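> Take a look at the following structure, please.
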Amino acid sequence: MPQDLINAKPISAAVKEFFGSSQLSQFMDQNNPLSEVTHKRRISALGPGGLTRERAGFEVRDVHATHYGRLCPIETPEGPNIGLINSLSAFAQCNPYGFLETPYRKVIDGKVTEEIDYLSAIEEGQYVIAQANAALNEDGSFADELITARQKGESGLHPRDHVQYMDVATNQVVSVAASLIPFLEHDDANRALMGANMQRQAVPTLRADKPLVGTGIERNVAVDSGVTAVAKRGGMVQSVDASRIVIKVNEDELVPGEAGIDIYNLTKYTRSNQNTCINQRPTVMPGEPVARGDVLADGPSTDLGELALGQNMRIAFMPWNGYNFEDSILVSERVVQEDRLTTIHIQELSCVARDTKLGAEEITADIPNVGEAALSKLDESGIVYIGAEVKGGDILVGKVTPKGETQLTPEEKLLRAIFGEKASDVKDSSLRVPNSVSGTIIDVQVFTRDGVEKDKRALEIEEMQLKEAKKDITEEFQILEGGLLARVRTLLLAAGYSEDKLLTMDREKLFGQTLDDEGQQNQLEQLAEQYDELKAEFDKKFETKRRKITQGDDLAPGVLKIVKVYLAVKRRIQPGDKMAGRHGNKGVISKINPVEDMPYDEKGQTVDIVLNPLGVPSRMNIGQILETHLGLAAKGIGDKINEMLKQQRELHEFRNFLQKVYDLAKRART
């Protein structure tokens with residue numbers, strides 16, 4: 001036997017030690033999709049077998065020529081870890097030997113090809129590599145005689161026939177977070193570092209708003225982070241609701257004998273590691289065609305499949321009565337009224353009933369010295385209702401703990417004489433809402449130790465979960481069954497059966513038909529086999545789910561019951577909150593100003609935010625000014641198109657207008 005030959009204990013101990021206590025095994029940063037992606041792409045020089053902060057000198061922390069396209073020179077922490085913790089560049093990958101590689105386009109006979117080669121820092125040294133923005137002719141040859149290129153880490157001018165490779169993209173040098181900063185090349189490196197790091201701190205807003213000024217990789221980040229629902233195969237959207245999308249797959253993408261239906265179950269109002277809210281919203285409509293890779297549902301901080309970490313705001317750079325002195329920010333009341341920067345947080349509060357030396361703790365609504373009003377939101381089992389609006393100090397789970405015999409006061413003696421023993425031998429240890437927190441209860445979970453009798457609420461939750469699981473699995477099965485039967489009917493129609501006859505046939509009859517054509521008969525048998533497999537699979541799925549719901553929970557020693565209450569809290573923006581742009585332009589809100597007091601433009605439109613103009617020159621992050629200008633232009637184009645839509649203009653007028661915009665952009669580029 002293998003276990004006689006190999007002792008598995010040291011292996012499992014090493015694995016457990018690494019994932020449980022290693023410096024490099026970290027709790028995932030799930031603040032927003034970007035923070036998730038960045039955390040997964042982190043490179044560290046610290047940890048077991050690595051350096052320590054104290055011993056790491058300047059040489060280790062500094063940017064090196066071999067980092068080009070492999071490690072980002074911008075994204076790194078600001079504190080003592082600067083240069084020791086880095087981020088992978090946008091297109092870098094790890095080769096089988098553990099070296100980082102970056103892609104380059106091959107240049108053959110002076111022409112840039114579409115062939116991509118990944119080179120490590122050692123291999124790269126022997127080649128002359130041109131920049132991604134080198135001017136090219138239509139045939140792919142270099143337009144200039146002398147090209148800015150790198151060789152052995154040194155940049156210089158090289159004859160075009162000496163060039164062997166070319167960068168794949170201009171953002172190849174920097175990380176994903178730095179690639180999201182528009183006009184990055186106009187920002188000072190220190191501020192770009194802050195901008196890249198602060199994007200990870202953005203809390204998902206109630207309504208995501210995709211940026212008017214982006215860099216073009218927003219969609220890639222949103223899709224690659226995994227927070228959106230993406231179509232596995234192309235087809236037609238059959239039905240959509242808040243929690244499920246059903247797609248009828250295209251004929252050419254079908255596997256023989258399958259139902260031809262793809263079901264996407266969406267994540268609804270779940271808690272992330274950072275207590276932010278993860279919720280997916282469908283973006284497709286029934287009857288809409290979709291292709292493989294299309295975004296079907298938005299996640300947190302995504303808008304129509306694009307990463308949307310913040311909001312598009314109308315900004316004025318001007319002093320305003322000293323309220324934006326020293327990086328303070330003045331915000332319009334309209335931003336608060338429209339919930340532009342409102343966020344939802346989900347808090348998990350736990351109540352544990354233990355078996356103590358004096359007896360077992362009990363979860364109950366019968367709590368000593370607590371009035372009826374305080375118990376009004378609890379059920380008979382002493383657990384709060386789902387949907388209850390609670391505020392600081394409210395009881396969520398009633399719990400009593402046995403207490404030892406103590407010297408009784410005259411009042412307690414009187415109570416004992418009136419109410420008997422029970423009134424004095426337990427103390428109130430209920431779970432309450434923390435002070436200054438108010439919100440809505442969105443879920444309650446009760447975990448009961450195996451062998452301990454379940455209370456009424458636990459049985460209700462169990463029954464509800466079973467009902468929901470059965471409903472979900474039955475609905476999924478019916479959708480797939482409908483798809484299979486539709487394919488059988490199509491097959492029988494092709495074999496010469498009439499439509500009226502097929503409508504009267506039940507499932508057994510449809511599958512029991514004998515066809516003359518051998519190929520069609522094989523197809524029918526395949527579909528019948530698929531149906532049986534499907535039924536068995538769904539029965540097994542329900543049985544697994546039922547067992548998981550009904551069996552007792554494996555709790556820590558001495559724990560009898562755990563009640564987890566999930567509280568959704570809505571937080572509005574307020575003075576003292578931190579706000580930031582993508583260029584390291586951070587500040588603290590000093591005042592929320594009435595709309596009528598805010599500065600306005602020549603059209604009478606008030607601004608959303610007033611920033612201090614003195615925050616720009618010394619910081620040298622001019623990218624924010626360029627972003628503001630381009631954003632204003634984009635908003636103007638959008639307003640013009642909206643106006644044309646209201647006037648119900650002809651289609652060719654829209655085309656002509658957009659063509660003008662594109663021509664202007666082309667002219668500006670050349």
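Using N, Cα and C of the backbone, Cβ positions are placed for all residues, glycine too.
Remember, TrEMBL labels are computer predictions, not curated facts.
Found this in TrEMBL, in case it helps:
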- 26-93: domain 'RNA polymerase Rpb2' (DOMAIN)
- 104-169: domain 'DNA-directed RNA polymerase beta subunit external 1' (DOMAIN)
- 230-660: domain 'DNA-directed RNA polymerase subunit 2 hybrid-binding' (DOMAIN)
- 449-476: coiled coil (COILED)
- 517-544: coiled coil (COILED)
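Help me picture these features in the structure, burial and contacts included.
Confidence for the domain 'DNA-directed RNA polymerase beta subunit external 1' (104-169), expressed as mean pLDDT, is 90.
Same-chain residues lying 6 or more positions outside the coiled coil (449-476) and placing a CB less than 8 Å from one of its CB atoms are 244, 263, 265, 363, 379-381, 383, 538, 541-542, 545-546, 549-555, 559-561.
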> For the domain 'RNA polymerase Rpb2' (26-93), DSSP counts of helix, strand and coil?
15 helix, 9 strand, 44 coil
> By DSSP, what is the split of the domain 'DNA-directed RNA polymerase beta subunit external 1' (104-169) into helix, strand and coil residues?
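Summed over the domain 'DNA-directed RNA polymerase beta subunit external 1' (104-169), the classes give 7 helix, 36 strand, 23 coil.
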